[in-house]
Structures are given as C-alpha cells and as structure tokens.
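Here is what Swiss-Prot records for this protein:
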type     : residues           : note
MOD_RES  : 62                 : N6-(pyridoxal phosphate)lysine
ACT_SITE : 66                 : active site
BINDING  : 115, 116, 117, 118 : pyridoxal 5'-phosphate binding site
MOTIF    : 195-199            : motif 'CCCFC'
C-alpha cells in the first residue's frame, strides 16, 4: 500500500463481535503503538480474501475455511491470530419451516448461504444422507440470510449461533412467538468434525505486507490483545464504548449478539494447531484443498505467553452448548472454564 496506514477489512458489516478491533482504535491502543489504522467494511464478504491477497488491503478478518481456500487459490494470505474460537455454525431454521434435526428434512427446501463454501459444505453432506445436491435449492444471500428467512425467500440458511439465531429469536419475540422457535443443525455435528473450528474468525494478513512489516504487525496484534483483555474484563463497559464509537451497535439485538459472542472471544488470540489440522483435513474432504496442502497460519506475531491447549475439546463443545443456552435465556456475560495441559 502507498499509505503509511495499516488498512484492515472486516469480514462483515460492523458487528458486535468486532468490538476488540474498534475499541483498539477508539481507546487509542493503536495510536500508543505508533500505528495509524483505517478500518474498512466489505460490500460482499466473499471478496475479503481476494482483496487482501491482491495487496489492495493489508489485513482483515476471515473464517478459517475461507483462509485455507484463499491460499489454495493462490491468494497470499496468512492467519496471524484468532478473534472468535469455534462459534457454532449450521443450518438455521424456524420450527414452522418443516425442517427438523434430520438433515434429510432439507429435501425440497430453499437453503440460503453467504458465499460459495456454504453451498459446498451442504452439497458434500447430502451424500451421507442418501441425497444429492439437486435435492435442495441453494440461494446465495450474502449478508442477508436473516432477512431472507423472515421474508420467506428461503426455508433455512447457514448462520452463526451468536448472530443469525439471535436476530431471528428477537424477530420472533416481536411477533409474539417463542424465541426458541429458531433452531440450528450444526454443520460440525452433521459432518462429524469434532469441532466447529472451520468458522473460527481470524486475523489475516497479506503475505508481502507481513514480510515487509513484522514489527508493525506485532504492534497491531498487541493493541487488539489489549482491547480483547478489556472486553473480557469489563464487557458491559466495553460494549457501551463500542456503541459510542459505532452508534449502529446501540440496539437490544446487538447487545444480545455481543453477549452471545462473549464466550467465543479468544483470550490469547492464538491459532490452535489442532483446529487447523482438523479443518485442513476437512478442506481436503470437501475437495477445495489438495492432498499435500499445508495450512497458512502462524503465532509468531503474538508477543505474549500463549495459553495451553484444552485437554478436552469435545467436552468443551458440549459445555459451551449448555452455556450458550443459559446466556440465551438469562443474558449476561459468561465464559467456559477450560481445562488445559500444563
């Protein structure tokens, strides 16, 4: 880039779980590191890795599966840290849609997806349930999955437990319908992945930018780590400050999305090697990665002591599901206590 600013492109329009990034800006953490950072939002989330890979933007957010696929397509990007760890992702639907927890109930339905990999995932699942990709209608919705379900344009859509499910639950409440009429069939469970890490949201960067600016990148990550520490220590105050910077965040729905995202924030921002191995294998299974593909991540720009990995990741997933149910019912800020290796 010709500017001395770091340019950073988010994976979505400004969203409650982007709080650490925006707070690093508003609280002056970037400035204290001697950095100027321009925060940008995409028109189409599917363009993010291409824009960063082409060098038009330096850094950004993207999910793990998309980051791997970007390298496979020769877009030179690398993950340098994690924002959200393993947010539950799946087919989100309303109870009156005729869809159930049985994947085969998608037959004959219109299923919305954000970008092409959502369709690839559903297509791949059909073969395990005696179906083909022709047994359902795929509808590309971009950032409008929730609206498409509400309008009846689709019967279900791929979404996040902490975003689209919250939006739909609040819409249901506005219609005097039970909030739990929104349901999710998790893709990780359907695909027997053993983790929901394919949709972990990552900090990614252009490889040439990384090579030329290692100290800048380390400073950037130190600033967002400081902001993450603040979010985890003072979530209510942090959200109010986020609303001050981004008034569009100041709605009851966004507050609930923030509460539901709180448990997913990565405390130490590290890339989890075990998760990368699982998702790389999943990408090979989906046919989007070659057999000899090597994952594109590093923790070398994280200058603090990293937490040990969990000793019970599958158990953590079950406990996280229960914890998120509690937050959905009661609100507030809760996080999982994770057992880790010494």
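The backbone N, Cα and C atoms fix where each Cβ goes, glycine too.
Since we're looking at a predicted model, the values are computed, not measured.
Sequence-distant contacts of the motif 'CCCFC' (195-199) (same chain, six or more residues past either end, CB-CB distance under 8 Å): 63-65, 85-89, 160, 186-188, 272, 275-276, 278-279, 282, 313, 317. Residue 117 (pyridoxal 5'-phosphate binding site) sits 8 Å from residue 66 (active site), taking the C-alpha atoms as the reference points. Taken residue by residue with DSSP, the residue listed as 'active site' is part of a helix. In this structure, the binding-site residues under consideration are 115, 118, and the one with the smallest number of other Cβ atoms within 10 Å of its Cβ is 115. Around residue 116 (pyridoxal 5'-phosphate binding site), the same-chain residues six or more apart in sequence whose CB sits under 8 Å from its CB are 46, 140, listed in sequence order. Summarised by DSSP class, the composition of the motif 'CCCFC' (195-199) is 3 helix, 0 strand, 2 coil. With the fewest other Cβ atoms inside 10 Å of its Cβ, the least crowded of the recorded positions 62, 66, 117 in this structure is 117. Annotation note: residue 117 (pyridoxal 5'-phosphate binding site) sits in a helical segment as assigned by DSSP.
The pyridoxal 5'-phosphate site is set by 115, 116, 117, 118; from the centre of their CB atoms, other residues of the chain with a CB within 8 Å are 46, 66, 113, 114, 119, 120, 121. Note on the motif 'CCCFC' (195-199): its mean pLDDT in the predicted model is 90. In this structure, the CA atom of residue 66 (active site) is 10 Å away from the CA atom of residue 115 (pyridoxal 5'-phosphate binding site). With respect to their backbone Cα atoms, residue 115 (pyridoxal 5'-phosphate binding site) and the residue listed as 'N6-(pyridoxal phosphate)lysine' stand 12 Å from each other.
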